[in-house]
């Protein structure tokens, strides 16, 4: 879809160039009012990515006693044995990680009345913790922000699930409805579940985009990756990523290859937002739970992320040993403790 007065395949250039200076000038202009983001930018916060060959979380989980690495996020497996997921959830739970400067940049887009919608693949809630309003965020794969029973869909108290997950002996939270007692999980989209209705409803809004910024995502997971093609034909699209991904070959497509935090800071310099960025990121220290540590001013994400993946994998391995032992004992109670395994249930297809 194009803006009025332009043909689909022939329109004047919107940007004066394919550099940060031209992008910043456009963002300051009256023509740029609705900025959309597609984001996956948590690795520099120390949170491991899932799919990188060799170093990603799935690659490391392949060595464990799981049916397949992705089983930890598969709804059928979760119904049979929720312990691996909750072991992982304890390591990834919100409050352990600090938002990055890139998350703070998204907050600045909102404070300057430019942000229409941030579509994110991340489940970690770091956009919220950076100060982006919830109504501006579409968590395409769900997140830890809310939770509910997988059977009756009754919402579950946030503090209660946090206490259960972070307790020394992991407790598996269960629905508090007397006649249900079903398993509770965060509203993260598992394999075997559909994407949130809010995601599908929001796609149409991309027709209003004056600018699309793609941050950090590999553009390999659909339908999220397809969003990049749903903005108007004359809408400038910006890719900020370590590697060149996707199909950015239109006249107003701009590629900036490198670390998102570094490039975003350079863009903020051009926008004269650098002091605001520093102030916004400084505030994110308050999002950390007591005793946790966020990234330093000059983080080394590759090394710290590999360490985090190794730690998570070892903890999951121990959780699986506990799970196997309790499975052999075949407990009959349903108190909701970590040693209560669930009988196999049918997996609902998308």
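Every residue, even glycine, has its Cβ placed from backbone N, Cα and C.
Feature list (source: TrEMBL):
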ACT_SITE  141  active site, proton acceptor
BINDING   39-43, 49-51, 121-124, 217-218, 241-243, 260  NAD(+) binding site
BINDING   149, 152, 175, 180  Zn(2+) binding site
COMPBIAS  284-296  compositional bias 'Basic and acidic residues'
COMPBIAS  297-309  compositional bias 'Acidic residues'
COMPBIAS  322-332  compositional bias 'Basic and acidic residues'
DOMAIN    13-274  domain 'Deacetylase sirtuin-type'
REGION    284-350  region 'Disordered'
Ask   = Taking only the binding-site residues 39, 42, 122, 217, 242, which one has a CA atom nearest to the CA atom of residue 180 (Zn(2+) binding site)?
value = 122
Ask   = When you measure from the Cβ of residue 242 (NAD(+) binding site), how many other Cβ atoms are you left with inside 10 Å?
value = 12
Ask   = Relative to the Cβ position of residue 180 (Zn(2+) binding site), how many further Cβ atoms are located within 10 Å?
value = 14
Inquiry  = I want to check the contact list for residue 149 (Zn(2+) binding site): same chain, sequence separation of six or more, C-beta distance under 8 angstroms. What comes out?
reply    = 156, 174, 175, 177, 180, 182, 183, 184
Query = In terms of Cα spacing, which of the binding-site residues 39, 42, 152, 217, 242 are within 10 angstroms of residue 141 (active site, proton acceptor)?
reply = none
Ask   = Distance between residue 152 (Zn(2+) binding site) and residue 42 (NAD(+) binding site) at the Cα atoms, whole Å?
value = 32
Task = Could you name the residues, excluding 149, 152, 175, 180, of the same chain that surround the Zn(2+) site, i.e. Cβ within 8 Å of the Cβ centre of those residues, in sequence order?
result = 148, 150, 151, 153, 154, 174, 176, 177, 181, 182, 184
Ask   = Are there any residues in the same chain, six or more apart in sequence, whose C-beta is under 8 angstroms from the C-beta of residue 122 (NAD(+) binding site), and if so which?
value = 39, 40, 41, 42, 47, 139, 141, 143
Neighbour-count leader, CB within 10 A, binding-site residues: 39, 152, 175 = 39
